[in-house]
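As written in TrEMBL, here are the features:
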TRANSMEM  41-61  transmembrane segment
TRANSMEM  123-141  transmembrane segment
TRANSMEM  199-218  transmembrane segment
TRANSMEM  248-266  transmembrane segment
TRANSMEM  323-346  transmembrane segment
TRANSMEM  358-379  transmembrane segment
TRANSMEM  385-402  transmembrane segment
TRANSMEM  409-431  transmembrane segment
Amino acid sequence: MKKKRPAVCFQGKVFILRYNNLMNNSTRSTEKNIISDNIPVWGWVLLMAMLGILWKIIWLANQAFPFNSDEAITGLMARHILQGERPVFFYGQAYMGSLDAFLVAGLFRLLGDSILSIRILQMILYTCTIISTAALGWKLTHRRDVTVISSFLMAIPVVNVTLYTTVSLGGYGEALVLSNAACLCALSMDVDKKGEMPIHRLIILSILLGLITGLGFWSFGLSLVATVPACLYGFLTILKARKKNNWIFSIALIIIFFFIGSFPWWQAGFQSGSSLQISEMFGSAVSIEKDPWIVRTGNHLFNFLFLGLPAIFGLRPPWEIRWLGLPLLPFILVIWGGAFWFFGKLLKTMEAGERQKWYLILASVGFLAAGFIFTAFGLDPSGRYFLPLAVPFSLIFARTVVSLPVKKTIQFALVAILVVYAGVGTIQSALKNPPGITTQFDSVTWINHQYDEKLIEFLKDKGEVFGYSNYWVTYPLAYKSREEILYSPSLPYHNDLRYTSRDNRLPEYTRQVERASRTAYITTFNPPLDMALKTGFSRLGVNWREETIGDYHIYFDLSRPVHPSELIGELTPIPPSQ
């Protein structure tokens, strides 16, 4: 008598067979998934772009983003450009070009010189990012659901993406747009079934790819994590074409137009030497580590895994270690972990053509990870250097969720959970104001700028239009006062009185202050500095008065001008042991 097989075993085999069948058919499934056919795909993408704009308007209207020094410098650069200046790089940073400032200057001409104009430019750039992400989704899969879902995830992103695509730091918005554009050019370099590519299309795409890569190289090296893989992908695609001689012509075009796009970078290098530009591109500006290379690399890997990735997934705000959306957080970890695992399985079952396209997207992720781990940029786990991961992760999740062997309602629910979680995290971050949704990850720089107008009025009334302060005070003060009030960033903002001359982004301000007939001092959140100033003033026999406005402490009406060079003893950095 034969033994009956257990029902559980039989059902398990049936499930496995159904799962494998769904996996094999996932790449050939119809487009009738969770996106309605009643609206054309371009209509959906336009709707997502409008949603992204509305999302930013909500937070701008609620003044969730403080106006900090880095953004003020962008505004000052744009103002100076309209006055005839032609800076090649962001003031004080030779690794970041002035493209953002030139674009802001254009909006200043159209809309007027204001903080809102600076942020409108970032909104325009991010709208282009949403649309180009949707275009990438279509180019990769030719599926409307992937196209729309990827743009939806970008329209309501996590707080890290919302922050660095709304506030200008000199080139992050441009880096995203240029990265997407380069990938689109590379993916468009496909050959037909006969292995041929029209020569006119090859010429146009080669020119665009070279120009975009060069422009990104100059404006912000972060774009290279996508533009370099895009160029490599383009080269390999051309080599597969039947007409092999075309690859030499194409590479020549890409190289020529790369140099045209990055011409300002090379011009500056020939004029003053390129060693500083090259070293800063690899992170020398932030390199303060003294440990052996292997230890530094290990620290960067830790920062990547445990601080950076949580920021890009929206588990924490980029400026502090604080978990967001705790009730949903475990589900988010499971969803993302499952998505990456399933995508790895899905990749093996894709048709060769689609799989090769996805290798380009995955290469950009790998380039960014390598750049972070093996260069000095790995010292900064705040989240800004992970911004380019938002696009590939959105695309990967969109491709994965529409291929899951589950009902459409569950697919929709998974997308909705991610979007809701991103929204909740942004709301939580905005409600804690100060600091608000800020680019500053050191709490001593969380200045409440709502008092800036009162400070400006006070300084004008007292005639204290020249003086000394720290980096985070001077440039917002200069921008908002239309440079009627100039303070030199010669004071430390760290409580141990550490100071770097890199804070002096506009040396002309310092020169004017040093020639002034009277000087004032402004400090923020720095008791050791306050004590040092009072001690120094007393030693010099100088009389002064004090006033507090919001987070600002002002030393004014000094009996004679005092410069930091006279206070070297008092401003000596405090050793760590003390």
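Here the Cβ of each residue, glycine as well, is placed from N, Cα and C on the backbone.
All annotation found in TrEMBL is predicted automatically rather than curated by experts.
Counting Cβ pairs under 8 Å to the transmembrane segment (199-218), the stretch among 123-141, 248-266, 358-379, 385-402 with the most such contacts is 248-266. Taking every listed stretch (123-141, 248-266, 358-379, 385-402, 409-431) in turn, the largest tally of C-beta pairs under 8 A with the transmembrane segment (323-346) is reached by 409-431. Proximity of distant same-chain residues to the transmembrane segment (248-266), defined by a Cβ-Cβ separation under 8 Å and at least 6 residues beyond the stretch ends, is recorded for 88, 97-98, 202-203, 206-218, 231, 234-235, 238, 274, 277. Tertiary proximity for the transmembrane segment (358-379) is limited to same-chain residues at least six positions away from its ends with a CB under 8 Å from its CB atoms, namely 136, 140, 179, 183, 186-187, 224-226, 228-230, 232-233, 282-284, 286-289, 296-297, 299-301, 303-304, 308, 347, 350, 385-386, 388-389, 392, 395-396, 399.
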